[in-house]
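Chemist: For reference, the structure I am asking about is given below.
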Amino acid sequence: MASAANPGQGGSAPPPVVQRGIVKMVLSGCAIIVRGQPRGGPPPERQINLSNIRAGSLARRANASQPDSRDTPDEPWGFPAREFLRKKLIGKEVCFTVEYKTPQGREYGMVYLGKDTNGENIAESLVAEGLASRREGIRANNPEQSRLAELEEQARSAKKGMWSEGTGSHTVRDLKYTLENPRHFVDSLHQKPVNAIIEHVRDGSVVRALLLPDFYLVTVMLSGIKCPTFKREADSEVPEPFAAEAKFFTESRLLQRDVQIVLESCHNQNILGTILHPNGNITELLLKEGFARCVDWSIAVYTRGADKLRAAERFAKERKLRIWRDYVAPTANLDQKDKQFVAKVSGAGKGHVGTAKTLPLSRQDKNRKLRPLYDIPYMFEAREFLRKKLIGKKVNVSVDYIRPASSATDTVPAFSERTCATVSIGGINIAEALVSKGLATVLRYRQDDDQRSAHYDELLAAEARAIKNGKGLHSKKEVPIHRVADISGDTQKAKQFLPFLQRAGRSEAVVEYVFSGSRLKLFLPKETCLITFLLAGIECPRGARNVPGLTQEGEPFSEEATLFTKELVLQREVEVEVESMDKAGNFIGWLHIEGVNLSVALVEQALSRVHFTAERSPYCKALLAAQDAAKQRKEKVWSHYEETPVEEVVQVLEEKERTANYKPVFVTEITDDLHFYVQDVETGAQLEKLMENMRAEVGAHPPVEGSFVPRRGDFCIAKFVDGEWYRARVEKVESGGKVHIFYIDYGNKETLPPSRLAPLPPAFSPRVLPPQATEYTFAFIQVPQDVMSVLCPHHSVTSALLCACHLTVRCHHCSAPCPRGSVPHPCHSVPHSCHCAASPHSVPHPCPSVPHPCHSVPSPSQPHLLHTVPCPPWAVPHPHHLVPCPCHSMPHPCPSVTPHPSVPHPQDAVPCPHHCVARPCPSVPPRTGARAMAAHR
């Protein structure tokens, strides 16, 4: 840039006024911008051009609005002259005199480093270094011009700067104004600090930087923050509040300073970075002084720690600095004890946990439509994660904001006021854990929306990791489907499930919801169904109900009973025993949690009374004992209890005519206590088809031995003794490899090793065809207890068929009388009298090795019951041996010869009783399979 000529120097001109200022910017080797001291806002500025000297011009970019304009390169030694002044003057106090002013308003004068004119003359320093020359045509007619001429001659003699040999082309920069691929350029630097000079400040958070040593001229936006900007309207720029102050704050600290820039990312062709200065980080300083706010879209790439930026912003908010002057904290109306506290989690639902209050985790997204939990992708997994990790445990709660109540719209339902907080346990932020597993997403906010989590940046970082690793919602795999049958209130479905739940005994369940103290909604994981469950044996106070056109008030202590049940079982894993169901399809039974019967617990707390139906339950004594103790304390429902004398009431039962409804069945099994299992004849064809298809499937894909790990209640297939596979259920698993199973289609039980079990193919599960064996018992009779429990040796398996081998004494599994004979009874060792009823001796004998009691002692005088020959002496062998029969004259090879009992012996007129039981009972075939047994019966 060349200086203008001095138009005249008359002796009468007044001496120039010395003025002071601070150098803001060096435009070229002979022009600077000087500013004053700030007072309540950005200070005034003046451009001062150095008189009487000329320095090389700097490069200029072509004007986009002028098609014919071109880029202008640096003049030789123009950039070194600028750098000489930049390093010497930027940010320094100088004094200057304005010697003259052109009609266009340009001011020319002398600049001195320091507070007065005794300081270094900048023009003389430039000429002495050979970085500027005197203007041609200027005569040395005053001391200042003579001094410049002398210094120029010295520089020329010393060959400094522009007076050195050569053209000076090595001082011309190769400026690069654009980047073809900004993202690739940023990635190639690997976030390493790059030396740079800040050439221009557009606003407080956007600068133009010259990257060294390759002279890339790039625009850099500060990562993580945004300052107020200047909005262009028509031909002018209108600053937002504090935009000029923020710009001056950045200019006064960074403009034309040597800095280091960490290029962190590229967003829509905009380069994001952090500017490092020896005196501090400008990003944090802007936030701390209230000149900027954090922005979510770029704070995630900030490499110096997003928590530092949030802390700096919080510092400005608390002091209400500048842009935060009207700031009101979301929790300003809360006491400190309400902002942070420790609570116990009582429940977990869609995107929130229950403590003393309902606390939505701030802040992950959830579907606003009220859809079932199991229909929303990954919602069930998210709920289970919260339930298993938090239920019943103490957590730290930090309230982030309170969301006010909102009215309903066409798409969004109404919401009451909600307290949103950060919940942590063991130092782990639960919301962050959910997001990192891909079970939740992070909400995005408007820039001016301050209602967000204090750990919002950690949530964004966790979401980025989940997206990168393809977890949960961000996975490319198919969304897991949970097919849950809700049979609450569905009477038909409930009737189908009832027998299955009754036979299952104790079933595992999760309490989904508590309607009242004794009414709950349960989820059965194994059965994948939802049921409404009523506690048996108690009568709980009825809660308030909303009836169309009327609101029924609840009974006393109904809310206390509901709260007690919620605190004890809500969202917890329990065990239930289903006994029956009511007309509305609700199941009735007993609920146990960690060994505690909920019905008994409610009665103990005086929150319920014992119902008369408890008399036939196994928990009747415990319920009555708990009720008596509550009555004695006179608490809650028994607070007004007074003992009344018990009157004897004779109950008269009305006789009702019994009606029987018969249907054809097929008996498949009879148990020891005369319970029997039957198959419905109507479904027999379906069972046969299912068994045929199942065996074909198993034959085509044989199960791998040892692949099935049996657990109680699991359905499986078991290989019976006939080598065929049948559907079964695991009843019990013992150590040593013994598994007790129940054949669900036939009713018999067996103990097998795990190697004879395999998983039940889904196509043949009880949901396809329910178990076909239905248990029945005889009405109006009671089976006497039998002390004998040994098996009949004539049968290979337990049998309930009528045995023809016995007459008076019956074994545990036989029901026919024992035929008269001299064979010792093999089934018991009690006194036996069926063989010699007339004999006075009926001594016990061990079965079957001891001879018949009639022959164990000398008894020649006692006649036999069935024939007139005397009883042989004790030394005579038993007639079943291969010797001549002592009772008859002719020998027979007993027991191989077995004449029919009605055929007389050749030598006797009466049937021989010794030959009717010489072999196992011929009427009962050996049991070789469930189907064979069923066919036999």
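From the backbone N, Cα and C atoms, a Cβ is placed for every residue, glycine too.
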Chemist: Could you tell me which of the ranges 36-57, 58-79 is annotated in TrEMBL as region 'Disordered'?
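Modeler: Among 36-57, 58-79, the range TrEMBL annotates as region 'Disordered' is 58-79.
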Chemist: Which sequence positions outside the region 'Disordered' (58-79), separated from its termini by at least 6 residues, show Cβ-Cβ distances below 8 Å to it?
Modeler: 27-29, 130-131, 161-162, 167-169, 171-173, 175, 177
Chemist: Per DSSP, what is the residue tally for the region 'Disordered' (58-79) in helix, strand and coil?
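Modeler: In the region 'Disordered' (58-79), the DSSP-based counts are 2 helix, 2 strand, 18 coil.
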Chemist: Please list, for the domain 'TNase-like' (192-326), how many residues fall into helix, strand and coil according to DSSP.
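Modeler: Secondary-structure breakdown of the domain 'TNase-like' (192-326): 40 helix, 55 strand, 40 coil.
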Chemist: With DSSP, how much of the domain 'Tudor' (709-767) is helix, how much strand and how much coil, in residues?
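Modeler: With helix first, then strand, then coil, the domain 'Tudor' (709-767) has 6 helix, 28 strand, 25 coil.
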